[in-house]
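Scroll down for the structure; my scribbles are underneath it.
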Amino acid sequence: MKMFITMSMCLSVIACFYAGVGTGETLVPALIIMGDSVVDAGNNNHRITLVKANFPPYGRDFVAHSATGRFSNGKLATDFTAENLGFTSYPVAYLSQEANETNLLTGANFASGASGFDDATAIFYNAITLSQQLKNYKEYQNKVTNIVGKERANEIFSGAIHLLSTGSSDFLQSYYINPILNRIFTPDQYSDHLLRSYSTFVQNLYGLGARRIGVTTLPPLGCLPAAITLFGGVGNNMCVERLNQDAVSFNTKLNNTSINLTNNLPGLKLVVFDIYNPLLNMVINPVEYGFFESRRACCGTGTMETSFLCNALSVGTCSNATNYVFWDGFHPSEAANRVIANNLLVQGIPLIS
């Protein structure tokens, strides 16, 4: 009975939210995005780095079929989230030429492909560290304050949803391939190391006036096509369980750390968004979600290609990415991002209620 009441309340709240969106009003004043390639909207485009996506076939199903720097064939989960919140445009990449006075008032995207909780991960790939993303956010706050005044600006910052999605690069592009880190840390110890950075980040963001913060869990790392290729052994197309176990362990600690932060920071709404289970369910039961393929990605051979390896000359790229859970070796397709975003909507009710 309790479960029924809770579900009914959730459905009622969602219905009210959609009614509000129907009037043309947004549910929050702004949407702020930080993190890695899963949510990068083009901040790496003009950096000297191999981690870019501003060329075909990336973006082939996006608005105007343009490669904006998003690591997908189309929309990111955060793009769908912006739509669900009532925004008519997506948070603009802060370092892009499109970032101007008008669209900055409804938020911005500071994410950078190959960034992580650990700044060392981003530095290795010449990506934008999480520390620098926070500095860019402070600069953004000054710009908004100059436009609308301090009082209105503070209302925007405190009412905005700040979404952080990172951590996969720390494991897949750093820890698992770096023998030095392997000697220094066990996977469990490395998680603790990352979560100390996460805790500091949230406290700093809170100090800048943020009161609504969402953070995504790690995905099932061992089910990403590139991870299966790199760590699964020859001829294996099954998820790598030890990597998934590391992700589950990290996610448990992420939840506990977030609870402690909420208890110690008055007025903070902090939600941990579970993307592990929604993505795992799509991998295990693709047909239930309308997918045909969940082990290989759409781009190229589907086993490894990402960033510059996923290009217009990649042989074997699929013609219809909606059949695939993954677009490239590391990133979900637009269709999978839509499923993830719908899950975020339900989980995120505490941030907008």
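All residue numbers here begin at 1 and follow the chain in the order shown.
Cβ atoms are placed via backbone N, Cα and C, with glycine included.
S37 (active site, nucleophile) is surrounded by 31 other CB atoms, counting those within 10 A of its CB over all protein chains shown. What Swiss-Prot lists as active site, nucleophile is S37.
Summarising the annotation, Swiss-Prot assigns active site to D328 (among others). Under the three-state DSSP scheme, D328 (active site) falls in the coil class.
Sequence annotations record features per position, and here Swiss-Prot assigns active site to H331 (among others) based on similarity to another entry. The C-beta environment of H331 (active site), restricted to residues of the same chain at least 6 apart in sequence and closer than 8 Å, consists of S37, V38, F71, S72, T306.
Here Swiss-Prot flags N100 (among others) as N-linked glycosylation site, drawing on sequence analysis. For N100 (N-linked glycosylation site), other Cβ atoms within 10 Å of its Cβ number 11.
Taken from Swiss-Prot, the feature N-linked glycosylation site covers N255 (among others), and the record attributes it to sequence analysis. In the three-state DSSP classification, N255 (N-linked glycosylation site) falls within a helix.
Feature annotation from Swiss-Prot assigns N-linked glycosylation site to N256 (among others).
In the three-state DSSP reading, N260 (N-linked glycosylation site) counts as helix. For N260 (N-linked glycosylation site), the count of additional Cβ atoms within 10 Å of its Cβ stands at 12 [all protein chains shown]. According to Swiss-Prot, the feature N-linked glycosylation site maps to N260 (among others).
The number of other Cβ atoms within 10 Å of the Cβ belonging to N320 (N-linked glycosylation site), over all protein chains shown, comes to 12. Residues or ranges marked as N-linked glycosylation site by Swiss-Prot: N320 (among others).
As annotated by Swiss-Prot, signal peptide applies to 1-24, with the evidence given as sequence analysis.
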Protein Cβ atoms within 10 Å of D328 (active site), excluding its own: 31
Which same-chain residues, if any, lie at least 6 apart from N256 (N-linked glycosylation site) yet have Cβ under 8 Å of it: none
Local Cβ density at N255 (N-linked glycosylation site) - other Cβ atoms counted within 10 Å: 14
Nearest of the recorded positions (N100, N320, D328) to N255 (N-linked glycosylation site), judged by Cα-Cα distance: D328
From recorded positions N100, N260, D328, the one whose Cα lies nearest N320 (N-linked glycosylation site): D328
